[in-house]
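Inspection log for the structure reproduced underneath, given as structure tokens.
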Amino acid sequence: MNIEQFYPLFLQSEKVTIDSRKIGKNDIFFAFSGENFNAATLAEKAIENGALAVIVEQEDFENKDNNIFYVPSTLDFLQELAIHHRNQLQIPIIGLTGSNGKTTTKEIIHAVLSEKFNVQYTFGNLNNHIGVPLTILSIKPEHEMAVIEMGANHQKEIELLCTISLPDYGYITNFGKAHLEGFGGFEGVIKGKSELYDYLKKNQKTIIVNENDPIQVEKTENYIPKITFGKNNSDYQFELFSEGNFVGLKYKEVKAVSKLTGEYNFTNLCAAASLGLHFGINFEKIKHAIENYTPTNMRSQVVKKEGKTLVLDTYNANPSSMTASLHNFITFEGSKTIIIGDMLELGEESEKEHQNILKLAQELGFNEIITVGKNFKSVNFSSESFENTAELIEYLKLNKIQSENILLKGSRGVALEKSIDFI
Ligand code: ATP
Ligand code: MG
């Protein structure tokens with residue numbers, strides 16, 4: 001089965017899915033074998049559920065249904081189909097990567113560009129070698145643009161995702177201390193993320209540059225085309241301000257206040273606003289988009305609970321985002337408790353990084369510091385150091401947190417959000 005032959009069938013389909021629970025009529029199902037499922041069983045079930053076609057690797061079952069297609073590798077076929085589809089699309093694609101803030105930036109860019117265009121974008125955090133092709137395949141004729149989040153935890157991953165999404169514009173949110181293990185230290189992070197720049201440069205595509213970031217500046221020096229923000233002589237100039245706990249940006253005397261907390265979100269907003277202005281959206285509309293975007297995804301989210309202010313940042317954590325988050329939270333008015341969870345995937349640097357964060361938290365002077373996870377436990381000898389979220393919950397059942405403000409931040413694996421109901 002080759003891609004050109006299969007493509008017309010794809011064009012008739014409703015959507016492409018790899019999740020057997022989400023198969024609807026006229027969908028194309030890619031059967032990846034999981035731990036609990038056998039791809040062949042899933043394939044038969046998919047056809048029963050009305051799937052238009054099923055792609056499967058195994059050939060060891062009886063079903064000779066015309067709509068089941070055997071391929072040597074389901075993953076390769078998915079990626080190749082996405083590349084083929086991308087090549088037919090005549091729309092600009094904006095590719096995003098970086099250590100922190102990809103999803104947030106993607107969501108704000110989507111909100112801004114949607115003021116004028118019909119924009120497709122990465123759903124949730126589907127940013128890997130499967131998520132990116134799925135997003136590309138979800139682009140329909142009515143879409144005028146797309147924003148694609150590209151995640152990576154090792155070298156050559158972004159390079160691959162670029163060959164699938166062929167971005168026309170690219171932005172690296174930042175270079176931070178995330179996935180140090182897989183990338184081989186901070187230098188490795190810079191190299192790995194810069195694969196986006198390598199692609200854009202090779203193909204003469206536009207780079208969006210935060211001129212306050214020395215690494216971005218250095219990596220894009222003398223390169224055109226680019227769109228810049230951050231400095232007085234940048235293409236677009238924004239001023240940072242905050243209103244209460246929320247961050248805002250000012251453009252030519254017009255203020256837009258977001259519903260995001262954390263100064264680090266300022267650059268995320270600037271990138272989105274720059275793209276908006278570049279695509280001819282006036283700032284009043286950009287303001288409208290920024291003011292109406294409400295994070296609901298445990299990223300820089302502020303919620304009120306029984307008179308207390310909770311900052312939920314439990315989606316992920318690494319030393320750079322943790323540092324930024326603590327510096328932001330210390331500016332909140334009133335008493336403050338932090339509940340911080342382990343930062344995972346740090347490799348050799350792990351112990352030192354956890355120590356550094358604990359020290360920073362102590363220096364900043366929060367009223368109460370609670371840590372969750374084995375890594376913190378090995379460096380935090382206080383009584384408020386718990387091995388996991390379940391232990392934290394047991395503690396919270398007996399001890400009410402007194403502070404007016406509470407920050408929850410930790411890696412995905414720690415799942416600190418499970419404790420919210422007990423606060
Ligand atoms: P993932 O690798 O899980 O996909 P991501 O890069 O998509 O992460 P987000 O989910 O948008 O990042 O944000 C995660 C957290 O990173 C935020 O809640 C915030 O604490 C922090 N963060 C967001 N933007 C920035 C930024 N520009 N610089 C530093 N930290 C940031
Ligand atoms: Mg993300």
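Cβ from N, Cα, C; glycine included.
Note that TrEMBL annotation is computational and uncurated.
Record features, source TrEMBL:
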- Gly98, Ser99, Asn100, Gly101, Lys102, Thr103, Thr104: ATP binding site (BINDING)
- 16-85: domain 'Mur ligase N-terminal catalytic' (DOMAIN)
- 97-274: domain 'Mur ligase central' (DOMAIN)
- 298-394: domain 'Mur ligase C-terminal' (DOMAIN)
Neighbours of Gly98, Ser99, Asn100, Gly101, Lys102, Thr103, Thr104 excl. site residues, C-beta within 8 Å of centre, ATP: Leu96, Thr105, Thr173, Asn174, Asn268
Cβ-Cβ neighbours of Gly101 (ATP binding site) (radius 10 Å): 24
Binding-site residues close to ligand 2 - of Gly98, Ser99, Asn100, Gly101, only those whose C-beta is under 6 Å away: none
Cβ packing number for Asn100 (ATP binding site), 10 Å threshold: 24
Under 8 Å by Cβ from Lys102 (ATP binding site), same chain, sequence gap 6 or more: Leu96, Asn127, Glu149, Met150, Gly151, Thr173
Listed in sequence order, residues with CB under 8 A of Thr103 (ATP binding site) and six or more positions away: Thr122, Gly124, Asn125, Asn127, Glu149, Asn297, Arg299, Tyr315
Per-residue pLDDT averaged over the domain 'Mur ligase C-terminal' (298-394), given as an integer: 95
Neighbourhood of Ser99 (ATP binding site), C-beta criterion under 8 angstroms, separation at least six: Thr173, Asn174, Phe175, Gly176, Lys177, Ala178, His179, Val189, Lys193, Asn318, Ser320, Ser321
Cβ neighbours of Gly98 (ATP binding site) where a neighbour is any other Cβ within 10 Å: 26
